[in-house]
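Annotated features, as they stand in Swiss-Prot:
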type: BINDING; residues: Gln43, Leu44, Arg45, Asp46, Lys47, Asn74, Ser113, Lys145; note: 4-amino-2-methyl-5-(diphosphooxymethyl)pyrimidine binding site
type: BINDING; residues: Asp75, Asp94; note: Mg(2+) binding site
Amino acid sequence: MNKHNKSADALSLYLVTDSALCADKGLIETVLAAIDGGVTLVQLRDKHASDEALYTTACELKEAIAGRVPLVINDKVQIAHKAKLDGAHIGQGDLSVKQARNILGHDAWLGLSINTLAQLQQTHHHHLDLLDYVGLGPVFATATKQDHAEPIGLEGLSTLSKASVLPTVAIGGINHANARQVYQTGCHGIAVVSAICAADDPKQAAELLIAQR
């Protein structure tokens, strides 16, 4: 695990991978091009891969990124620990925050998905010292996560961002057309999937997104 400084700046342009969308260009090639374009953190997410396949991908991606930006994994905290990744992101229905932190250790990144003010308040009350950031959303409807909750919209995002004590990352349906509006709500960063993974030129896509900040 690399000792990345856990600054909110690392959340500025947060790439969540989608193996299917990256298939033509290659997952690793897409990620490296996106980092060249300004991506500041990468989350490996593949809901369909086996744990063995995901571990292999995690190790290959970690070697390719070579510490340039933090690499975290979605949900699979044990794989993050085993592959010595920089951390993990978990949802409301996954492993508890306390369990995840115990597995990952103090130095790792740990983020949690938040969809409502009640969830945020509960997080402040119970997990404030265990988390590094919260993911707020979905902001807009998105095709890359079929089971997502009701979109919170820009107004909901603004409310949650202002209420959060922790650094915030907005996620869900964010692209070049709305990135500036999302950044203007006060969140520390935006998380994107298809806006980069489905782009013909991931480097240029990342450059265009970070320019909206």
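Placed from the backbone N, Cα and C atoms, the Cβ positions cover glycine too.
Not measured: the values here are computed from a predicted model.
Recorded features from Swiss-Prot, shown on the structure.
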residue	record	DSSP (3 states)
Gln43	4-amino-2-methyl-5-(diphosphooxymethyl)pyrimidine binding site	strand
Asn74	4-amino-2-methyl-5-(diphosphooxymethyl)pyrimidine binding site	strand
Asp94	Mg(2+) binding site	coil
Ser113	4-amino-2-methyl-5-(diphosphooxymethyl)pyrimidine binding site	strand
Nearest of the binding-site residues (Gln43, Leu44, Asn74) to Asp94 (Mg(2+) binding site), judged by Cα-Cα distance: Asn74
Integer Å distance between the CA atoms belonging to Asp75 (Mg(2+) binding site) and Lys47 (4-amino-2-methyl-5-(diphosphooxymethyl)pyrimidine binding site): 9
Arg45, Lys47 as binding-site residues, winner by CB count within 10 A: Arg45
CB contacts for Asp75 (Mg(2+) binding site) [other CB atoms within 10 A, all chains]: 19
Spatial separation of Asp75 (Mg(2+) binding site) from Asp46 (4-amino-2-methyl-5-(diphosphooxymethyl)pyrimidine binding site) - C-alpha basis, Å: 10
